[in-house]
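Features as listed in Swiss-Prot:
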- GLU181: active site, proton acceptor (ACT_SITE)
- ASP45, ASP84, GLU114: Mg(2+) binding site (BINDING)
- ASP45, SER46, ASP84, LYS112: 3-methyl-2-oxobutanoate binding site (BINDING)
Amino acid sequence: MSKVTSSTLLKFKQEGTKFTSITAYDASFAAAFDSEGIDAILVGDSLGMVLQGHDDTLPVTTADVAYHTACVRRGISRALLIADMPFMSYATPEQAMTNATTLMQAGANMVKLEGGHWLLETVTMLTQRGIPVCGHLGLTPQSVHVFGGFKMQGKDEKNAQRILDEALALQDAGAQLLVLECIPAALAKTITQAVAIPVIGIGAGADTDGQILVMHDVLGITSGYIPKFSKNYLKQTGEIRSAIKAYIDEVAAGDFPSEEHTLV
């Protein structure tokens, strides 16, 4: 199978082909996901919670993400590899440039940043210097203390309009991909139709161009709170590779997320 690039995902959007993403943090799981046909793998700062045991993602460092990015890179040959930029690793454009370079040199094809209008200069700077950017709007976990917890965003008209405006602005600044997290499905659909770049949803309904889940949720090994938008595919299939295949197939068919896994 040919390598997935940002152009591949753009073609999927234009053709109406749903694509599937997942988090991974090591070579073995990444290789299994890659061989089953996952289109994009995110080395998420979620590693702070699912691997390191923290209550949120804030303690994660660029060195942490770079280490796991290098591990995942060794396990894959097809999927697009996206690396999260951790909390306070991109507070200024110059800081972002330094840390994004570290992640790209570790093997990432793209870096992901959380935020809207304040990030536009940084997105343009990175893009112009050869570092592809994925934006992230809605529930941005690095801002959990500003939000007062892991809460759905964009529920009122003012904030919904702000998220839409920021999506368009990120696209204009050069972002090639966008993640929407924990926003109303109707808003996610509006944004997906409004932008030309591919949109990946998590807790954002079924009308985004692609979906992403944390691997620990897909495999049913998450401890504590389990998000409504997640689904334990291992319980359904009994085998890891079959679980990933079921996830891919359900997204492609439009069966996931179902109403059961959609936030209102």
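Keep in mind that glycine also has a Cβ here, set from the backbone N, Cα and C atoms.
Keep in mind it's a predicted model, so treat the numbers as computed, not measured.
Shown on the structure are the features that Swiss-Prot records.
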residue	record	CB count, 10 Å
ASP45	Mg(2+) binding site	29
SER46	3-methyl-2-oxobutanoate binding site	21
ASP84	Mg(2+) binding site	31
LYS112	3-methyl-2-oxobutanoate binding site	24
GLU114	Mg(2+) binding site	23
GLU181	active site, proton acceptor	22
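The 3-methyl-2-oxobutanoate site, placed at the center of the C-beta atoms of ASP45, SER46, ASP84, LYS112, has further neighbours from the same chain whose C-beta lies within 8 angstroms: THR23, LEU42, VAL43, GLY44, LEU47, THR57, VAL60, VAL65, ALA83, MET85, PRO86, PRO141. When the recorded positions ASP84, GLU114, GLU181 are screened for a C-alpha within 10 angstroms of the C-alpha of SER46 (3-methyl-2-oxobutanoate binding site), the residues that qualify, in sequence order, are ASP84.
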